[in-house]
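Participant: Below are the structure tokens for one structure; questions will follow.
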């Protein structure tokens, strides 16, 4: 496609669209190191400010930093990471460094990197390889540069979406001899880990952070509840009152999206394959339909299933003029965007991350972020919620890195419930929330330890 390089390089501190690839540039930070590849190292000061702003709302990570700084629980850890590179994840990366780790980092999405934040990390000495608007080839090159280094071998992996883990399996399987564990944070990546485990190919322990309560019930639900509207408003200025919207999937992400849209007066339909989630949608007051039943009449289509080809070319052909189509799931597989790259359809880039796809009869479909993650590609996500996820990831890394030989087998684990509760308790002071303590008598009556864990693992 001819349009795809247009406007992608722009970040809000740098609107110049220079065409030189970061890979061609010679850049060094103020310490003389060139062990990084970012858009523009000169933006480091802007990025530092963004990170400082994020720290204000991530007090739990900062308190973890203060609490554990003395004992350096990650001393000797060599972490290779692949996540969205934003001000919020920078606070996580710098926390890991403060706890003793060395880090090399790449982006798990070609659009979600904040260039100025990547620059600030590079300036601070993190080996970061990422910029906004990477090509597919750049994407894998960056991951490769993080893993394949002379004289440095990773012993921990922090992944979001499973691409880094996949790359190491494909290209550098011997690296797993040194790896003590993988921490994975997305539904998509966790799914890939369970497939490896089932096939008997998972050769190190892995921690499934996505399904820990503090991630599922917060990041996926509350984060999406706030950021879905933000992403749609910033890209299209759409008015939601009275609009007909179909949300595909009623997991935690779908639940968050539906709650926000309903609150603004949208008429919301849900598609679902799981009878339990479908029944929840019904109880919450949403019509559960097949996509084909409503596709002609809806104004907005949002996917959040983690599946592929949920919105097909056939659906896209039947949409009404100016229907908005976007994805809130991790991977860009949910909307069949490839089927739209055909000669009879015209693509018009109308804004950064907004394409009008025009049919021969003049009908337009508004496609956001080329079907990639809407909130991270087109807006920002609430910092506070990311603090919860990031604290969970940090604790999972500490747990796997320090676990005695043999505690974790070559399998996928959930974070111990006690740690979930610890993460939650670190966030309560922000709200001046006061926990009630059980009396000995009450604890005995419930059959609980008064310090927790308070709920069974499946909760």
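Here, residue 1 is simply the first one shown, and the rest follow in order.
For all residues, glycine too, the Cβ spot is worked out from N, Cα and C.
According to TrEMBL, the record shows the following:
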type: BINDING; residues: 86, 160, 185, 215, 219; note: substrate binding site
type: BINDING; residues: 251, 252, 253, 254, 255, 256, 272, 375; note: NAD(+) binding site
type: DOMAIN; residues: 220-381; note: domain 'S-adenosyl-L-homocysteine hydrolase NAD binding'
type: REGION; residues: 1-34; note: region 'Disordered'
Participant: Whole-number answer please: how many Å between the C-alpha atoms of residue 219 (substrate binding site) and residue 255 (NAD(+) binding site)?
Facilitator: 12
Participant: In Å, rounded, how far does the Cα of residue 375 (NAD(+) binding site) sit from the Cα of residue 185 (substrate binding site)?
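Facilitator: Roughly 17 Å, rounded to the nearest whole number.
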Participant: Report, as a single number, how many Cβ atoms besides its own are within 10 Å of the Cβ of residue 255 (NAD(+) binding site).
Facilitator: 25
Participant: To the nearest whole angstrom, state the Cα distance for the pair residue 255 (NAD(+) binding site) and residue 86 (substrate binding site).
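Facilitator: Computed Cα spacing between residue 255 (NAD(+) binding site) and residue 86 (substrate binding site) is 25 Å.
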Participant: Name the residues of the same chain, 6+ apart in sequence, whose Cβ is under 8 Å from the Cβ of residue 252 (NAD(+) binding site)?
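Facilitator: Sequence-distant Cβ neighbours: 216, 217, 220, 221, 224.
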Participant: May I ask which residues of the same chain, at least 6 positions away in sequence, place their Cβ under 8 angstroms from the Cβ of residue 254 (NAD(+) binding site)?
Facilitator: 247, 248, 270, 272, 277, 281, 304, 305
Participant: Is it possible to get the count of other C-beta atoms within 10 angstroms of the C-beta of residue 251 (NAD(+) binding site)?
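Facilitator: So the Cβ neighbour count for residue 251 (NAD(+) binding site) comes to 20.
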Participant: For the substrate site as recorded (86, 160, 185, 215, 219), determine the largest distance between any two Cα atoms, in Å, rounded to the nearest integer.
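Facilitator: Largest Cα to Cα distance for the substrate-binding set is 18 Å.
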Participant: Under a criterion of Cβ-Cβ distance under 8 Å and sequence separation of at least 6, what residues of the same chain contact residue 215 (substrate binding site)?
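Facilitator: Expected: 185, 209, 388, 389, 392.
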